[in-house]
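Here is what TrEMBL records for this protein:
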- B:D79, B:I80, B:T81, B:R109, B:Q123, B:E127: L-histidine binding site (BINDING)
- B:25-342: domain 'Aminoacyl-transfer RNA synthetases class-II family profile' (DOMAIN)
2 protein chains.
Amino acid sequence: MTGLLPEGFHDRLPPYADAAARLERRMLDSAFAYGYEQVDPPLAEFEAALGARLKAANARDAVRFVDPVSQRTLAIRPDITAQVGRIAATRMAHHPRPLRLSYAGQVLRLSASQLRPERAMRQIGCELIGLDSVEAAREVVAVAVEALEAAGLTGLSIDFTLPDLVEALGVVPPERLRTLRDALDGKDAAGVAAIAPAYLPLIDAAGPFDAALARLRASDHAGPLASRLDGLAAIAASLPASVTLTLDPTERHGFEYQSWLGFSIFAAGVPVEIGRGGTYTVMHDGGAEEPAVGFSLYADPVLAAGLAPAGRRRLFMPYGTPADIAAQWRREGWVTVAALTPDDNASAQLCTHVLGTDGPETT
Amino acid sequence: MTGLLPEGFHDRLPPYADAAARLERRMLDSAFAYGYEQVDPPLAEFEAALGARLKAANARDAVRFVDPVSQRTLAIRPDITAQVGRIAATRMAHHPRPLRLSYAGQVLRLSASQLRPERAMRQIGCELIGLDSVEAAREVVAVAVEALEAAGLTGLSIDFTLPDLVEALGVVPPERLRTLRDALDGKDAAGVAAIAPAYLPLIDAAGPFDAALARLRASDHAGPLASRLDGLAAIAASLPASVTLTLDPTERHGFEYQSWLGFSIFAAGVPVEIGRGGTYTVMHDGGAEEPAVGFSLYADPVLAAGLAPAGRRRLFMPYGTPADIAAQWRREGWVTVAALTPDDNASAQLCTHVLGTDGPETT
């Protein structure tokens with residue numbers, strides 16, 4: 001059983017590996033067209049530095065090892081966003097803002113979840129650093145949607161949330177916040193009513209975007225909620241009508257590090273979230289904080305859902321075909337597959353065409 | 001110093017990360033046009049299975065960790081070739097031969113060498129499995145050359161070697177082979193003469209390809225050498241005249257696992273080897289062996305040598321430019337960078353052009 005792989009790790013074989021690479025290229029090209037340029041941080045870093053920028057759950061999930069060179073503990077990244085934050089706060093600290101960065105790379109996690117069984121996966125994303133305004137969030141959401149549509153996904157839906165809403169409303173004393181958050185997370189209306197009845201409309205408001213927004217506007221919360229709702233409305237209005245929007249104002253799971261805005265992205269036919277993002281804070285040396293907004297996409301669930309790889313179109317070169325003839329067909333856009341022995345044949349090589357006397361013939 | 005990285009690890013920043021990605025795309029596209037389709041094995045595997053397919057030096061160099069799920073030791077790959085061999089021997093064992101596979105991905109090594117100081121790097125390559133004939137080797141060398149030329153490299157040179165020559169000639173008793181090899185590795189003419197004077201021409205033959213080949217043909221070795229020299233001559237004759245060829249018939253360093261053919265690739269202006277390859281054997285379950293030939297390229301030394309990234313051509317969208325206007329310029333091939341505040345300006349955003357009333361104007 002030398003071919004067996006650990007749980008959560010897998011090989012991607014032809015033609016799916018090429019399909020995944022094409023998907024990733026299209027996503028990165030979409031972001032590039034909006035001015036997002038790639039950074040490529042290393043697979044491993046000093047654990048202490050990386051851990052300080054990771055969510056606690058991610059830090060626990062990182063593979064660690066002792067580096068024989070530095071005699072210090074290094075960690076394999078479980079997430080690339082933290083590394084992009086480090087780059088923005090250190091080597092690119094003096095680069096003018098807003099800073100638009102994209103990335104694509106492998107991440108590794110010790111544990112998997114039921115929803116996300118992979119432990120090695122590719123993360124692709126964009127971060128806009130220096131702003132977390134409505135304009136900035138609108139651009140980032142637009143880039144995410146355009147990148148996914150460029151990759152061929154249809155039936156996109158975005159579920160917005162307002163992660164810091166409970167704190168921002170500020171009507172509950174700090175010592176009861178935890179209990180309130182637990183009640184809201186569990187959609188426990190009785191529990192919420194017992195602590196702060198004013199929060200009940202937040203539970204009821206979850207659902208299709210326009211209706212949820214209207215219900216929230218009709219609730220009696222003042223300033224903090226109003227400005228967030230205006231922001232959400234502006235972001236929603238800028239998105240193409242093809243994208244379904246929902247709003248779950250108190251959803252915080254996985255958004256613990258987001259500030260005023262969070263969002264999850266889903267696509268028709270894909271059972272799990274395919275991406276997520278939101279506003280957050282980049283920490284600088286000395287404690288300064290910088291606003292930012294970004295998103296991450298995962299190629300694996302999209303491909304696993306059966307996104308069709310492009311059809312193969314391969315032209316078989318019979319044994320003895322001169323190299324310059326094959327080169328000529330490649331210049332015309334063909335994939336050429338050369339017979340290297342007299343016994344090689346077109347169908348075994350998955351060729352759709354064979355080079356005949358008058359050019360390519362279908363097999 | 002939260003920005004400090006371990007020795008041998010580095011960030012690639014704009015515009016070099018995009019340049020590296022473009023380079024890699026061109027290499028993979030070149031191979032794809034010859035029928036090589038990508039496989040994407042995972043970053044980590046069971047140590048025992050991966051180690052069995054790695055050179056001993058590489059296996060020692062792998063980062064290992066205990067997997068909490070399987071309670072077994074996993075290793076991060078220090079090399080992707082071994083994984084491609086595993087795929088060919090297991091999941092793709094019944095796929096018709098020859099099997100043409102390509103790959104690109106991150107590898108991680110605990111130790112670095114003076115020549116190759118990076119410990120995290122990207123490996124890109126192609127493997128042709130099922131044949132190690134002259135025709136097969138000729139195709140693989142041609143793909144390597146075309147991939148590097150497509151990536152913009154010039155002044156390529158290939159240094160061929162015949163790794164199993166000493167064994168193949170068979171004129172030295174097995175117990176003296178080790179001593180002979182050491183003498184040959186050290187180009188120690190006196191040492192070689194003391195063991196087997198017949199091998200002296202092999203040392204003298206190192207150098208420019210045609211002259212080296214002529215000297216070897218003139219030496220008094222029989223069969224095994226003649227067939228290898230005919231093969232080398234055929235491979236050399238098929239390469240474009242722009243590629244400089246050399247031959248060092250006894251060079252074995254790093255080619256311990258190669259069979260009859262090995263080669264190193266260099267490029268003008270790059271102080272270190274940029275790729276290497278050769279013929280080898282893929283192990284199947286049960287001990288069966290299958291011939292193969294392939295090459296690996298390293299993007300890092302090429303980029304480090306200053307391969308010029310493409311010029312930026314970015315169009316600044318003044319604050320308030322409608323989204324559909326920006327989209328129109330992107331469709332025309334521009335990178336658009338939107339002002340998100342009234343204070344954003346074109347030069348800080350590295351824009352070469354600003355959208356004026358009559359279209360793009362240079363800044």
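Backbone N, Cα and C atoms are what each Cβ position is placed from, and that goes for glycine too.
Note that the structure is predicted; figures quoted are calculated from it, not measured.
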For this session: Tell me the Cβ neighbour count for B:D79 (L-histidine binding site), meaning other Cβ atoms within 10 Å of its Cβ, over all protein chains shown.
Result: 20
Exercise. How does the model score the domain 'Aminoacyl-transfer RNA synthetases class-II family profile' (B:25-342) in terms of mean pLDDT?
Worked result: 90
For this session: Compile a sequence-ordered list of residues in the same chain as B:R109 (L-histidine binding site), six or more apart from it, whose Cβ lies below 8 A from its Cβ; state 'none' when nothing qualifies.
Result: B:G8, B:N58, B:D61, B:A62, B:P78, B:R119, B:A120
For this session: Using the structure shown, find which entry in B:T81, B:Q123 (the binding-site residues) has the sparsest Cβ neighbourhood within 10 Å.
Result: B:Q123
Seminar exercise, completed: Within the same chain, the residues at least 6 apart in sequence whose Cβ is under 8 angstroms from that of B:E127 (L-histidine binding site) are B:T81, B:V84, B:G85, B:A88, B:L99, B:R100, B:L101, B:S102, B:Y103, B:A292, B:V293, B:G294
Exercise. Greatest CA-CA distance (Å) over the residues B:D79, B:I80, B:T81, B:R109, B:Q123, B:E127 that the record ties to L-histidine?
Worked result: 22
Problem set entry | B:I80 (L-histidine binding site): tally of other CB atoms within 10 A of its CB | 23
